[in-house]
Amino acid sequence: MAPPSPREHQSAPATGATKPDAEMVLPGFPDADSFVKFALGSVVAVTKASGGLPQVGDEYDFYRSFPAFQAFCETQGDRLLQCMSRVMQYHGCRSNIKDRSKVTELEDKFDLLVDTNDVILERVGILLDEASGVNKHQQPVLPAGLQVPKTIVSSWNRKAGEYGKKAKAETFRLLHAKNILRPQLRFREKIDNSNTPFLPKIFVKPNARKPLPQALSKERRERPQDRPEDLDVPPALADFIHQQRAQQVEQDVFAHPYQYELDHFTPPPSVLQRPQPQLYRPVEETPCHVVSSLDELVELNEKLLGCQEFAVDLEHHSYRSFLGLTCLMQISTRTEDFIVDTLELRSDMYILNESLTDPAIVKVFHGADSDIEWLQKDFGLYVVNMFDTHQAARLLNLARHSLDHLLRLYCGVESNKQYQLADWRIRPLPEEMLNYARDDTHYLLYIYDRMRLELWERGNDQPVQLQVVWQRSRDICLKKFVKPIFTDESYLELYRKQKKHLNSQQLTAFQLLFAWRDKTARREDESYGYVLPNHMMLKIAEELPKEPQGIIACCNPVPPLVRQQINEMHLLIQQAREMPLLKSETAAGVKKSGPLPSAERLENDLFGPHDCSHAPPDNYPVTSTDGTMPLQKQPSLFDEGKEETSVDARCLLATAVITLFSEPSTEEAGKTPLTVAQKKAQSIMESFENPFRMFLPSLENKAHISQAAKFDPSSKIYEISNRWKLASQVQKEPKEAAKKKVAEQTAAREETKEESTAAVLEQPIPVRQQAALENATKKRERATSDLRTIEQKQEKKRLKSSKKAKDPDPPGKDFSPYDYSQSDFGAFAGDSKSKPSSQFDPNKVAPSGKKCFGAKKFKQSVGNKSMSFPAGKSDRGFRHNWPKR
């Protein structure tokens, strides 16, 4: 029953002449058809052999009772499982089919077998499609030279064959020295990580057009500040003097030391002309010097003072320091390259201020936004007359603005970014890292020449574009380093970025952990990412573990400082768990942004978001010049009026109001004359005709139109134009007369009031007379009101009497009372023999077994209608029915 071997199949006479092994598709088979036939025969033979085994049931149990059969089955089963595992492993599937527990052994093995079959059959289908031409290999659309390079997300990514230059893959690794001696320990000056604003380190100001403030001088820093308490002055005056001095010192200290020089800087005329690009020297022919001593640094400064331009770049490290460390400075001239060890010369780097602040020397940077701040933070260095190639690339609208792209575009050099994430604190530096740092500035001056030429040509042979780049570079030089300041609400900024909602306990834990991380990072001089990364801190705040082991479980890998101070963190978590569990509204309360104003239609020509002339003047308080305190419009000693509530300035009324066509009030019409625009508007309003009052007969002249005139067009026009008038025209005269009368009355009242007030002012009246006058006026008003009410009542009585006189009562008829003796009262008695109602009555009392003979028998009909209604059908409409039992 064993299947034939490939050798037997090959030696069979049916195969014919055999081909060489090199031409065979598979070893021992000349073509695919022969292999398929052989495999199919093997599968059929195996299927027949498996069918000859004892079936599951009594027969199999009987054979299983023999030890030889049991051992044979186990041996062959293991062999089959091993073969199946090899096939699974070959196709990349899970191959641990033998390592299964006894409980779910059969189900797990069957699931693995099904998954493997699916993978194999899917792969077979793909290969068959490719062989038949349905699915072909997809070739890249772009040529090799235009392929987008792979982005290096982190140091362990692989970069294979970039731009077809390197066929062999290169592995990028983060060169981080774990056991390196911290360079902060060798610094002469201790790093200031305190929670205070940054104090500039400069104490000598070369190339100064405005002297350095005395507060920044070295003598002033070394000597203690003289307090006014030492003087013979009162304590209050001493505090005032100290506040004034501190305010002036604060303004001088936190200002940019070269603010005046940069504001009055103009590029030299030589750099605003058409440049002649000077080609860079080959790297092999250019000398490279490593500056690591004070004498070499002084010599470098002298060489830089004799140059017209030089390129500068920095290498920074921020993972093992709170504020970061500038580890290396690369400087390149037209003929030499210099690499300055800034960790060794940290306290002496101020010497380079003489060349960096010289306005006659051009300093070429690329992306100097961070470099300017690092120079200020670590060395107290400032830059004047800088050209940033990154800003030039943005102005030229290049495809990319990186230095790598500029090197490829202008120099044809492929930069090696293998050491981009290296730890630059390593000493001594390897040769590869030195070459990498050198390449960043070696070609930068040639790129500077080429970009200036393109800017000159783009500006039509005018230095307009060049001046824009120098202006942007000057703005970058004006940047100041700002130290991160911790406040009680600093955690909210990070909390809003996470887009996760935390309750009161979780938010308290997040706040406490954020404060602990900031304090630990400042004390240990480590970065936030080294002490406790953001995602780990948020995970701990969400979980609120009860045990220290839970905190460690939330961190993978566990930061060293977390493992070292796990007990302190556990106490913070316990403190947060003691808080009441509420919904957090802290983050929402901090954002005090009011509701957005309603969007105004842009097609409105009169809309202006900053036009508040139409708003009433009393809506908003008048603010002071500095915008801090609202000013009172009419100051008074005793203000009895209501306090004006301050309205938020964001509630700006932006709706245009046209008051030209509004009718003036009767009181204002007599006072102020109409303007020319208002007169024109009034004439326009009078010319408008009301369509609801047109073609009405006149109220005064009730003309009769003949029926014959309707058919005559001339007479019809005549009748309409002469005898029919608008009702509005008839009503114009009485309205105008009424307005004039009201205006005259108001004017007369005001005149009498003015005369009375003038008389009172001229002749002062005593208090008793004033009270008597007030009582007299009140009595007059009451009397007049009583007379009016009496007259109104009398008029009503007259009207009633007149109506009665006009409508006499009709003659009365003979009245005959109704005879109730003939009526039938049976409708109100009810039917005593009525059947019990089929409807359920909730008021009915269930009959009890005992009978009360002494009481009177009173049977109330259940379900009958009320006695006040007849027995017939009611016309009330819907009737509520009780539910049936």
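Just so you know, glycine gets a Cβ as well, placed from its N, Cα and C.
What Swiss-Prot annotates here:
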- Asp313, Asp371: Mg(2+) 1 binding site (BINDING)
- Asp313, Glu315, Asp440: Mg(2+) 2 binding site (BINDING)
- 1-10: compositional bias 'Basic and acidic residues' (COMPBIAS)
- 217-230: compositional bias 'Basic and acidic residues' (COMPBIAS)
- 732-756: compositional bias 'Basic and acidic residues' (COMPBIAS)
- 776-794: compositional bias 'Basic and acidic residues' (COMPBIAS)
- Lys19: SUMO2 cross-link (CROSSLNK)
- Lys583: SUMO2 cross-link (CROSSLNK)
- Lys583: SUMO1 cross-link (CROSSLNK)
- Lys710: SUMO2 cross-link (CROSSLNK)
- Lys833: SUMO2 cross-link (CROSSLNK)
- Lys859: SUMO2 cross-link (CROSSLNK)
- Lys873: SUMO2 cross-link (CROSSLNK)
- 289-455: domain '3'-5' exonuclease' (DOMAIN)
- 503-583: domain 'HRDC' (DOMAIN)
- Ser821: phosphoserine (MOD_RES)
- 1-23: region 'Disordered' (REGION)
- 210-232: region 'Disordered' (REGION)
- 730-885: region 'Disordered' (REGION)
Kindly report the helix/strand/coil residue split of the domain 'HRDC' (503-583) according to DSSP, in that order.
58 helix, 2 strand, 21 coil
Just checking, which of Glu315, Asp440 (binding-site residues) has the fewest C-beta atoms within 10 Å of its C-beta?
Asp440
Candidate recorded positions Glu315, Asp440, Ser821, pick with smallest Cα gap to Asp371 (Mg(2+) 1 binding site):
Glu315
Under a criterion of Cβ-Cβ distance under 8 Å and sequence separation of at least 6, what residues of the same chain contact Asp313 (Mg(2+) 1 binding site)?
Met329, Gln330, Phe365, His366, Asp371, Ala437, Asp440, Thr441, Leu444
Three-state composition of the compositional bias 'Basic and acidic residues' (732-756), taking helix and strand from DSSP:
25 helix, 0 strand, 0 coil
Neighbour count, 10 Å Cβ-Cβ cut-off, for Asp371 (Mg(2+) 1 binding site): what number do you get?
22
Rounded to a whole angstrom, what is the C-alpha distance between Ser821 (phosphoserine) and Glu315 (Mg(2+) 2 binding site)?
125
10 Å Cβ neighbour count around Ser821 (phosphoserine)?
4
Can you check what DSSP calls Asp440 (Mg(2+) 2 binding site), collapsed to helix, strand or coil?
helix
Which are the residues of the chain, Asp313, Glu315, Asp440 excluded, whose CB is within 8 A of where the CB atoms of the Mg(2+) 2 site average out, their centroid?
Leu314, Leu328, Met329, Gln330, Ala437, Thr441
Collapsed DSSP category at Ser821 (phosphoserine):
coil
